[in-house]
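Below you'll find the structure, written out as structure tokens, and then a few comments.
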Amino acid sequence: MGSCVSKGKGDDDSVHNVEFSGGNVHLITTKESWDDKLAEADRDGKIVVANFSATWCGPCKIVAPFFIELSEKHSSLMFLLVDVDELSDFSSSWDIKATPTFFFLKNGQQIGKLVGANKPELQKKVTSIIDSVPESPQRP
């Protein structure tokens, strides 16, 4: 397991070659897009898995493909990605001390949190959440 503590943005763009979003991961670029996705999740009865990450963070780069893989396997959840440098004020409001930090949200409220790139623990949390949610009836 690893995590990175906050650091200033560097001028080294070579770290941007890792795919952080893809699959069913929605990249959040504004507070408004965050609010829109949370409203969509609430409307659709989905639990949100939010990954607060940084492009310069080694453990974030390691866990990113796994996060994408989880998003593809578990379409009943909504997976969001927030770049802590791009949305620094917003990330600070979530009290992010290290990256990656994963929040699990239901109806906009935190129901779980995981700090660090611990793939087995992330898998365990996702599985636990899926197992705890009753099957939703099909919408007309």
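Quick reminder: no glycine exception, Cβ is built from N, Cα and C everywhere.
As given in Swiss-Prot:
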type     : residues : note
LIPID    : Cys4     : S-palmitoyl cysteine
MOD_RES  : Ser14    : phosphoserine
DOMAIN   : 25-129   : domain 'Thioredoxin'
ACT_SITE : Cys57    : active site, nucleophile
ACT_SITE : Cys60    : active site, nucleophile
MOD_RES  : Ser136   : phosphoserine
Cβ-based isolation winner (fewest other Cβ atoms within 10 Å) among the recorded positions Cys4, Cys57, Cys60: Cys4
Cα distance (Å, whole number) from Cys57 (active site, nucleophile) to the residue listed as 'S-palmitoyl cysteine': 6
DSSP-assigned states of the domain 'Thioredoxin' (25-129) in counts, ordered helix, strand, coil: 47 helix, 33 strand, 25 coil
